[in-house]
Amino acid sequence: MTFKTLDDLESGQRVLVRLDLNSPVEDGEVQDNRRFDRHATTVKELAENDHRVVLMAHQGRPGDDDFVSLEQHADILAGHIGMDVEFVADTYGDDALDAIRSLEGGDVLLLENTRMVDEELPEEDPETKAETAFVKTLSEEFDAYVNDAYSAAHRKHASLVGFPLVLPSYAGRVMESEYEANSSIATREFDGDVTMVVGGTKATDVIGVMNALDEKVDQFLLGGIAGELFLRADGHDVGYDLEGMNLFDEQWEKNEETIRNVLDEKGDQIVLATDLAFEDENDERAEIPVASITEKDTAYLDVGSDTVATYTPYIHDSEAVFVKGALGLFEDERFATGTTGVLEAIADTDCFSVVGGGDTSRAIEMYGMSEDDFSHVSIAGGAYIRALTGESLPAVELLQEN
Ligand SMILES: Nc1ncnc2c1ncn2[C@@H]1O[C@H](COP(=O)(O)OP(=O)(O)OP(=O)(O)O)[C@@H](O)[C@H]1O
Ligand SMILES: O=C(O)[C@H](O)COP(=O)(O)O
């Protein structure tokens, strides 16, 4: 491990901890999710080592519906660690400082949403962030900084890159495990086949992964919105926006040439869906072979069962399988077959497997699978894709320099 961890942290200190508790919010209700459960390990360990633990996190983006206070997050987190989590609706003002100074060893306090601080969001160099009033004021109150927010590590925000320049810094347990697993595709050598399952909504994610990993990966199995755009490039009447949709055509305009080039250059490594699923006149799942599609008149919401049957042998014959992005609208049970079919094929083997993508990894718990069926289930999305493509994660690099 190339950074200091909690094993290196003397007990009984004043510790400022950055988590990523960014969660789905439905009608103002913050939804519990695996991020709370994973970060609870770090928080509990710090409290049990008699530290005065102060937590920072963000929720949503200013102006978005999910941009809310962290008050609910404190209660959800408390439920996961089985301890009180005090909340103060302030980040670095007098209320926050008073709350911080009144803590005793083993206490846990959550500060307000970091994105309510003007200096937090602009992506700036760590040196600039270290000079902000936010970082300078808070860092005076602490002996150490712990960054556990791997899934936000691609952001050059003050709470992520400002503190490591002014406080001794350590990786939390989530940071450790996510870094280890997500960098493994780049750092580990596999004797057998390596397979990547790539889907989801963003063609640029799929293109980035293929361009970065074509030397490492033997086959890319495609699905989702991105997979349909590759089918469109392959000459099929799919991957088009129908009335009222905005999933395909804008991406196609921006990426057509790149998609065609990737398909030409890496075609022997790319496996496309052989059939797709849609909602029939009875609102039920129906499937159609891609070769039989001759009209641009249907919205396809999943890859079909024949595609799963085609993809399964690749997975069974692989030493390592990495997943990024869902193969269908898995949130609707009728269109979960592609995503769950592939995940079950992975679970059936003892290959090294990493499942990533904030939305995709939710499919595991939604459909009764266990995280233990996989080597690692990442809670990161954008950060995971950057790890796979070898792009920098500024907050991780700063921990390594500390
Ligand atoms: N054919 C499809 N039609 C509509 N939605 C789809 C389809 N295929 C996949 N999706 C959607 O793609 C989403 C997952 O893709 P996304 O690009 O968000 O990847 P992720 O890695 O899971 O998330 P993130 O990158 O945001 O962490 C799912 O929520 C799913 O509903
Ligand atoms: O949920 C996430 O992907 C991370 O928390 C990053 O959130 P952001 O994309 O709003 O920076």
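Each Cβ is built from the backbone N, Cα and C atoms, and glycine gets one as well.
Together with Gly357, Gly358, Asp359, Thr360, TrEMBL lists one candidate of Glu331, Glu333, Glu344, Glu391 for binding ATP, that being Glu331. Within Arg34, Arg35, Arg52, Arg101, the residue that TrEMBL lists together with Asp20, Leu21, Asn22, His58, Gln59, Gly60, Arg61, Arg115, Arg155 for binding substrate is Arg35. Taking the mean position of the Cβ atoms of Arg35, Arg115, Arg155 as the (2R)-3-phosphoglycerate site, the remaining same-chain residues with a Cβ inside 8 Å of that point are Asp20, Leu21, Asn22, Ala57, His58, Gln59, Thr114, Ala149, Ser151, Ala152, His157.
The full span of the recorded ATP binding residues, Glu331, Gly357, Gly358, Asp359, Thr360, taken as their largest Cα to Cα distance, is 14 Å. Asp20, Arg155 are the binding-site residues among Asp20, Gly60, Arg115, Arg155, Glu331 whose C-beta comes within less than 6 Å of an atom of ligand 2, given in sequence order. The Cβ of Arg155 ((2R)-3-phosphoglycerate binding site) lies under 8 Å from the Cβ of Glu123, Pro394, Ala395, each on the same chain and at least six residues away in sequence. In sequence order, Ser151, Ile379, Ala380, Gly381 make up the list of same-chain residues 6 or more apart from Gly358 (ATP binding site) whose Cβ falls under 8 Å from its Cβ.
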